[in-house]
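Trainee: Dropping the structure in here first, questions after.
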């Protein structure tokens, strides 16, 4: 039998191995797990082979915090609160909070550069590329808006290009584009408003105290540039935004023993002591807000244009400032300079630190004018007529205010009429400051009992007085300032009501007088309490004493009988102590040179850490060493200790 022949058709060739198609795999079902019996436990099925499914993770959005929030967190940490609780309240990790604490100087600097309430709302510290042009345009804008002049975008852009040519020269390629103008608006928080109608022409002369709202003008774009502060005509000041300043006279190194003229008893004229110690009298300006939480540095005004003890020293480190006046009085230029150089920057820093609106008002009582004998330039007057107090002595409120009107001065009414409003600080705060100052002065005198009162007066310099004035002002409690504000403002509403804290103030005054009497008894054995009380209230007139403008002879040193009994008792013991065998005793010149070297080193340190006590004691030792060694006073000491 023959095999069957193949069917007709093309011959089938075997497919190469590399061209063969893969054999399809059969998808086998996963084995079923047996049903659990009554005594067995169910196990979860094993995970299926292959990649695991991805789980969607919800991303947290990054939150940008404003400078105001950062400063609030910083103040809470500096106030003693734990960092963990602050982080929990703000919802930030600990590293972010520590970064804010590290960048605090940068945040403060940025607010100083930008200023205003808008700066605290910024989330990025980014200034303009052309800072000079930006500041010039903003200052020009505030000046015109204060006078009610409407401004449009093209006008501001043209003025910016004009400022650029003035600052960088005519070859400047700066272009005030629409983008620059938009960023400038956002940077300073200036909004655009469209107004209609017709505006009145601006009033010639200085800007009025109460700015009237602008009348509608022709259709145009009005830029309202008061987002940071409300107009001062709207009021709305908080307790921490209301300040008061008052001046007082002070004999800064007069001791109780020098108050009375030796050997004259009660025949001394009333103004004799004032004329004798006129060169030691200064005027002190004190300022604080209503709550007492912000007390500015005291301003001391003296008759020395360049005190030797203040040379080569940075006065910014002292707790009090010093200014020169020929009659030691707060003149108009001094008040204006203090307002713009110290008061306005200090108040704005405090308001930014407290996250408050950038506006404040300063209430100033017209201080009593100097005596007619004082050499001050004035109008023609008769010889027998004393000078009357004139309001223009210190300037007008229009001049004492910032360009935007946010910080300004208001003068309280004077006179014996019912409209008279006494200054709040006159109700015990100024007296408390002077009592504290004289108490610290007596403590220094008692600590330097090894020398005479004249040695102490030569050792106690004006630099020590500035430190002592700042220390005494810091000792005045905030509650006392707030209570005196209530007593002072009550006269405007309840003229006949008696103070509620009169008994408490009398008790405090009695305790202070007792302390001063005790300290005076330690230094002066023959001093009566009445003489201490007279010395305590010697400069309570508030102004310059009569006769200070006259030329007076320098006061003679006190007689030996009036000196404390403990003074000069140890000179013989010191002479006996020098006769020591085998010990090389230094000469008086070497001792003075070593003490002066130590004094120069001590004066170069921070005055807040050193304090006036160590300096006065060391100067007293130098004076005593010169007197014992028969050495004349040095060139630095020839300026009568100032």
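Cβ atoms are placed via backbone N, Cα and C, with glycine included.
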Trainee: Among 165-197, 198-230, 231-263, where does Swiss-Prot put the label region 'Disordered'?
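Mentor: Feature region 'Disordered' in Swiss-Prot: residues 198-230.
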Trainee: Of the ranges 543-583, 584-624, which one does Swiss-Prot list as region 'Disordered'?
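Mentor: That would be 543-583, the stretch labelled region 'Disordered' in Swiss-Prot.
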Trainee: Can you check which of 62-82, 83-103 Swiss-Prot lists as DNA-binding region?
Mentor: 83-103
Trainee: Pick from 120-153, 154-187: which stretch is listed in Swiss-Prot under DNA-binding region?
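Mentor: Going through 120-153, 154-187 one by one, Swiss-Prot gives DNA-binding region for 154-187.
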